[in-house]
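Colleague: Just lifted these from TrEMBL, have a look:
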type   : residues : note
DOMAIN : 1-51     : domain 'Sleeping Beauty transposase HTH'
DOMAIN : 68-138   : domain 'Transposase Tc1-like'
DOMAIN : 359-397  : domain 'Zinc finger Sec23/Sec24-type'
DOMAIN : 437-680  : domain 'Sec23/Sec24 trunk'
DOMAIN : 685-769  : domain 'Sec23/Sec24 beta-sandwich'
DOMAIN : 781-880  : domain 'Sec23/Sec24 helical'
DOMAIN : 900-952  : domain 'Gelsolin-like'
Amino acid sequence: MKNKEHTRQVRDTVVKKFKAGFGYKKISQALNIPKSTVQAIILKWKEYQTTANLPRPGRPSKLSAHTRRRLIRDVAKRPMITLDELQRSTAEVGDSVHRTTISRILHKSGLYGRVARRKPFLKNIHKKCCLKFATSHLGDTPNMWKKVLWSDETKIELFGNNAKCYVWRKSNTAHHPEHPTPTVKHGGGSIMVWACFSSAGTGKMNKIDGKMDGAKYRTILEENLMESPAKTVELIEIIHPSDCLSRKWLTTVEALLPTMQPLLVQTQVIEDDQAKRGGQVYTTNLRGQVPPLVTTDYTVQDQGNASPRFMRCTTYSFPCTADLAKQCQVPLATIIKPFATVPKNETPMYVVNHGETGPIRCNRCKAYMCPYMQFTDGGRRYQCGFCNCVNEVPAFYFQHLDHMGKRVDFYERPELSLGSYEFAATLDYCKNNKPASPPAYIFMIDVSYANIKSGLVRLVCDELKTLLDNLPREDGAESSMVKVGFVTYNKILHFYNVKSALAQPQMMVVSDTAEMFVPLLDGFLVNFQESRAVINNLLDQIPDMFADTNESETVFAPVIQAGVEALKAAECSGKLFIFHSSIPTAEAPGKLKNRDDKKLINTEKEKTLFQPQKAVYEQLSKDCVSQGCSVDLFLFPSQYVDIATMGDVATHTGGSVFKYSNFQVERDGQHFLSDLRKDVEKAIGFDAIMRVRTSTGFRATDFFGAIHMNNTTDVEMAAVDCDKAVTVEFKHDDTLSEETGALMQCALLYTTISGQRRLRIHNLSLNCSAQLSELYKSCETDALINFFAKSAYRAMLNQPLKTVKEILVNQAAHMLACYRKNCASPSAASQLILPDAMKVFPVYLNSLLKTGPLVGSAELSTDDRAHQRLSTTAMGVEDTQLLLYPRLIPLHNMDVASDVVPTPVRCSEERLTDAGMFLLENGCSLFLWLGQACPPEMIQSIFNVPSLAHVSIDLVRTVTSLTPSSTEDGLMIVKQKDRSEIMFRQHLVEDKGLHGGASYMDFLCYVHREIRQVLT
């Protein structure tokens, strides 16, 4: 720096004052520097936009431009030329420079000295063969390559020069023909070995004696190739050569392949069960009988145990002792779906009415009369099957016994001969000893700017005009007894009087959301048939009434509180249908803030993203359950809305959460309306309390579902419908008897849709065994994975995701290791042994680990992950089975003239074909995948359009009629290699997850290692 040069700070100050409007003279006087210096600094800043010192010319180059070009040309001709040779070359033309100078000049041109790659010396014929092999397998999937066994030979130098060789080259040119060092596999002073490897590890190695020829190569393959997969993994299905081999070699491999153990796949298990038990009658007269799979088509005949549609167990043979249960670590649980839909060809639920006396119960444990009660003393007493207490038979219920000790009227009384039935409840089972009232449905519509603009409000109002004709009713009833009410809201709430005597509906506004109340009692909840004209008038007016609104803020908690207060005033239970669009930011109780922080993903605090914000909402849930008020939430967000909090009230009240991101009427309207219709029309019970009683020796300890619990035994649900299931876990508190087995009874007290109080009873008897082999033989994978999913989704609220996933894998490994150690036949330690009943358990578990809630990825929406977590919590066995292993149906194999649905194939990319057409459904999403090479005649025969480009949503109704769990509403058409294909591929659960997670094959290897670690 010059002696008199001013500091950078002084120069910056000059510029700063100049920008502030000071002249040269004033700046000179203020900083005590010459005016000319000020002028020079400012001129330099204006030209270069900086006050820093600019680089100076420096010392002139010793090499001329001609010589520099010559250096680069020499290196291009001979990439392996050395610096010494280049130095001598420059000296010959009179430019003597140091080696580092030459090196710097080459670096500026992007040429660097690199170690030359050692590559086999290939002739042109070799290159052509390699290229042909590569192009023929260009479309193979990563999973396919993981099943390949690679083999090759290598030469190991014993003597001679095998040192590194350097080459001058630019980046990404290591494999250009002139840059590698060619190698050969012959010559003296070396040995040759043959070896192989796969994705699972290395195989055998064999020394090659003498000269390699075709005969010697085939001998090596026969002696070593097939033993290598056994050392690495037993699940390799195919083998590909790694280089160009003879046809004789391929023949040898094909002859050896049948000895490989085939991989049992999920679709094969489903097909086998359908073939074995499909179309048959499943009678429930045997204790501990394992039912057909949920995917099998069967008919149930109730003969003393509840239908598997109502109750399914993780195992139908409980271990006799707690030690055995701890040893095997198989969870002992039952998934109960009290209101499961019964097919029309099965007997409906019988209702038993004992009049004012009410249901007969055990005096000690309060279990209800069921097939497990043993009558003694000529029919005057009965012994409870649950607690062994002997009770007196009431006089009105007395009946003689036959020669087998069975009551004469055994088959005339549903409670003695069936596993499921209902009792008419007395006033003792009603709140405040008053008869229950029919429930009410309240429709609460968010009329903020977003919902008006999207057309949602008009869509809802138009649909309700016809939908209200289909309100649920009792079998045989002419009309529904359900009352209806209407509320609209944004920052304030609008209640509507739709009394039948009015000519026009009346609006009443409540702006004080801090102290919510219902401004009218008479005329708010009405019978739809009586007030049809007034209600239709209101529904016509609502869209126009708020058409010009600019209000974008909304409230949420006060809306639910208003519904609770309305039901409380009417002294009835009911359901709130809330149509909401945004996070509640208006000043009111329950106001929420955006807490979606992607930085928390994969950290200890990630769990906080899924924990609901309590305070107001926790108390709101309790109020709803106490009043029997269920909440169904229809969300239409365009951004984050905190579903973890907003959906928590719905989850704790037996309700559902539906989500339609970036809602558009044209695209999502039919999907939404389909969901709304099903939700309004489905069978449902209100103000329910459930208790699960068990025989001595074990008890219910934990409950998972859309429930609320004030104590450890009573499961409270504001409502329970035909889709909701409760998973119950059991623990031992004593030794179980193999002779008496394990008994359980689910008793659900609820209010019917017509306002009657009833008790729905489901009974189930299981075997008990001291042999672990019996337990594993009686396991049901679909029920097991339902339990694992719900327990994991609850645990993620309190533990890091990494810990939750480790617990899942460890428990699975212990379960399978226990079977291997105690039940399986002796075999090689490297072989993966699975129980017959759990063959496909790993594929379900791997799929669970790749679900949105358990994958820590910033690419996934926090709301989407929270929504799936809440939805799965209330799912039944058949729902989780389909969610975790979607059906992939090859429609190109379908006979259009037949009603037979093509058999689903494995859920993997390998099964997709360019000329294929596949339908994928998982109960939540529905995709139609069309290969880019779909034959025009197939498109014409199925869709009646000439080409793939003409296929649209309007043409898929014939396809989706094949999927009873879904409709054409919500169907997404995906064409091969379109951007939308990413959403489709994330449901191919046997492949590697797009957002993380192993493929099925990789996961099997991982589980296998964990099992071996447990055993050793």
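Cβ atoms are placed via backbone N, Cα and C, with glycine included.
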Colleague: May I have the DSSP-based helix, strand and coil counts for the residues of the domain 'Sleeping Beauty transposase HTH' (1-51)?
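Modeller: Going by DSSP assignments, the domain 'Sleeping Beauty transposase HTH' (1-51) contains 34 helix, 0 strand, 17 coil.
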Colleague: In terms of Cβ proximity under 8 Å, which residues at least six beyond the ends of the domain 'Zinc finger Sec23/Sec24-type' (359-397) contact it?
Modeller: 304, 352, 405-407, 415-419, 423, 425, 693-696, 740, 743, 745, 747, 759, 761, 763, 765
Colleague: For the domain 'Sec23/Sec24 helical' (781-880) and the domain 'Transposase Tc1-like' (68-138), decide whether they are in contact, meaning at least 3 CB pairs lie under 8 A, counting pairs 6 or more apart in sequence.
Modeller: no
Colleague: Along the domain 'Sec23/Sec24 helical' (781-880), what average pLDDT does this model show?
Modeller: 93
Colleague: Under the DSSP assignment, what numbers of helix, strand and coil residues are found in the domain 'Sec23/Sec24 helical' (781-880)?
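Modeller: Once the DSSP states are binned, the domain 'Sec23/Sec24 helical' (781-880) shows 68 helix, 0 strand, 32 coil.
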Colleague: Can you tell me how the residues of the domain 'Gelsolin-like' (900-952) break down into helix, strand and coil by DSSP?
Modeller: 14 helix, 11 strand, 28 coil
Colleague: Please count the residues of the domain 'Sec23/Sec24 beta-sandwich' (685-769) that DSSP assigns to helix (H, G, I), strand (E, B) and coil.
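Modeller: Split by secondary structure, the domain 'Sec23/Sec24 beta-sandwich' (685-769) comes out as 0 helix, 55 strand, 30 coil.
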Colleague: Going by DSSP, how much of the domain 'Transposase Tc1-like' (68-138) is helix, how much is strand and how much is coil, in residues?
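Modeller: Going by DSSP assignments, the domain 'Transposase Tc1-like' (68-138) contains 43 helix, 7 strand, 21 coil.
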Colleague: DSSP-wise, what's the residue breakdown of the domain 'Zinc finger Sec23/Sec24-type' (359-397) into helix, strand and coil?
Modeller: 6 helix, 11 strand, 22 coil
